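To keep things clear, I will list the structure first and then write my remarks on it.
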Amino acid sequence: MASFEDQSELSADRSSVYSVFTRTEKRCIIVLVSYAAWFSTLSSFIYFPAIESISKSLGVSVDKVNLTITSYMAVATIAPTLLGDTADTLGRRPTYIIALSLYFIANLAIALAHSYLALLSLRVLQALAISGLFSVAYGVITDIASPAERGSYVSAVSFAITIAPTLGPILGGCLSYAVGWTWIFWFLCIASALCLCLIIFSLPETSRNIVGDGSIRPPKYLRLPIWTVMNQREDRDPGVSFTWKTPNPLKSLNILFRPDNTAIIIAAGLLYVAYTCINASISILFIEMYNLSQWEVGLIYLPFGIGGIVSTLFSGRLIDSAYYRARTARGLTTDRATGDDLDVFPIEKARIAVIWVPMVLTVASIVAFGWTLHFQLHLAIPLCLQFIAGLCMQLDFSIYNTLLVDKNHRSPAAAQASSNIVRCTLAAITMAFLQGLFDSWGIGWTFTFIGGLCLLAIVLFLIDYFHGTSWRQKYLSKPIRR
């Protein structure tokens, strides 16, 4: 197999651009992979409103149904490590096609089966198939988007992943109430089948390890089955020899233990803990304090999601502008069309420079949210604070995800998989003690503690801002470019 460096040189000879895909084609590709990544979190959160219905329908206790959630989360923690390096090594197309096919089968089987054991085992298959596709999506971004324009594309994928906790419970509650809980899985089955068809017929292979800037013709098994506009980018070169290479699931662990990665991955994990705690506690707390119905509680999730939507309108421009200023300040080119050598550029300072304000607002909004609930202030106040928290946290995640793939641009999918291990583990541990914290500390102090975790995340980002570049350069054994 031609090495990454060899293929990059071949691509450079053909074109000075980072990717031969046009802007319209890039946007279409990002829409496809964002659609697929959406299922990663939707599959979990759409399930929550139906727990009681499933318990009654299958004649089992709620605790047993909760076991299907625990098993799903456990598998979702590990599964991305299997898909991450597979996508980086063997290609994006086969990874998407295999994962979505298994996911479709799992949803179809759950919708048809009416057995608890079937539900438990098929939820494991569902998590194994779909939970890692978000990491592959960030790999695709790195393939087609230069560092100067990457922030906008990362924001789109981040939004698709983080909007699911808001829309999922609403969608799941409506389907469960109107036509029964099995229609949750019929919906996922139909939606994933559509996504699979679009991927098969529209998504070209983008892995730079295989097709370079997109002008190297991939092996036959990676080509689109029918001619489309995308094929024009695959026919510019007669081909480069390709040999199979065994994926290494442990690569994600190697990435995780690199000091500069460790700092920001733990920081993002702490942010995800706060994100999960807010979403998990909203329904219980609002029902208890404001005497809302199940239907009204579904609407309570909207401000958080709307905040995330608003964030995507400007987050990409903000991230890309910060990168532009960092390049300009060092007298370097800011050409959006070409790639930069991220190994010798202090990307940490370019990305993290814009995270301080949203992080401080995240801490403040979370703490204030907790105390407004503690004192049972007017409903509009915690809803407004939810909007602010949703906006700021979505921006935090967009900046972080852009930085992570920039730091690990040769193995972006594996890097996202390593991040998933930490965030899911920390979230699972915290969720196990969340109700106990509410009971012993009270709502206000519990959210103050959660805000403190986000404050610790700020410290970790600060450490990476000042030391991340030198740590990364020491690992790569290359000189730092100031």
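Even glycines carry a Cβ here, placed using N, Cα and C.
Predicted automatically and left uncurated, TrEMBL annotations should be read as such.
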Open item on the list: Tell me which of 153-178, 387-412 corresponds to the transmembrane segment entry in TrEMBL.
Closed with: 153-178
Task: the transmembrane segment (184-203) vs the transmembrane segment (299-319): 3 or more CB pairs under 8 Å - done: no
Open item on the list: Can you work out which residues elsewhere in the same chain, 6+ from the ends of the transmembrane segment (153-178), have a Cβ less than 8 Å from its Cβ atoms?
Closed with: 26, 30-31, 33-35, 37-38, 40-42, 44-50, 53, 134, 137-138, 141, 144-145, 184, 187, 275-276, 279, 283, 294-295, 298-299, 301-302, 304-305, 308-309, 311-312, 315-316, 319, 390, 393-394, 397-398, 401-402, 405
TODO: Tell me, please, if the transmembrane segment (444-466) and the transmembrane segment (263-287) are in contact, taking contact as 3+ Cβ pairs under 8 Å between residues separated by 6 or more positions?
DONE: yes
Task: Contacting positions for the transmembrane segment (263-287) when only residues 6+ beyond its ends and CB under 8 Å are counted - done: 45, 162, 165-166, 169, 256, 294, 297, 300-301, 304, 362, 366, 369, 373, 386, 389, 393, 396-397, 400, 403-404, 407, 418-419, 422-423, 425-427, 430-431, 434, 438, 443, 450-451, 453-454, 456-458, 460-461, 463-464, 468
Open item on the list: Do any residues, 6 or more residues outside the transmembrane segment (299-319), come within under 8 Å Cβ-to-Cβ of it, and if so which ones?
Closed with: 150-156, 158-159, 162-163, 165-167, 169-170, 278-279, 282-283, 286, 292, 351, 354, 383-384, 386-395, 398-399, 402
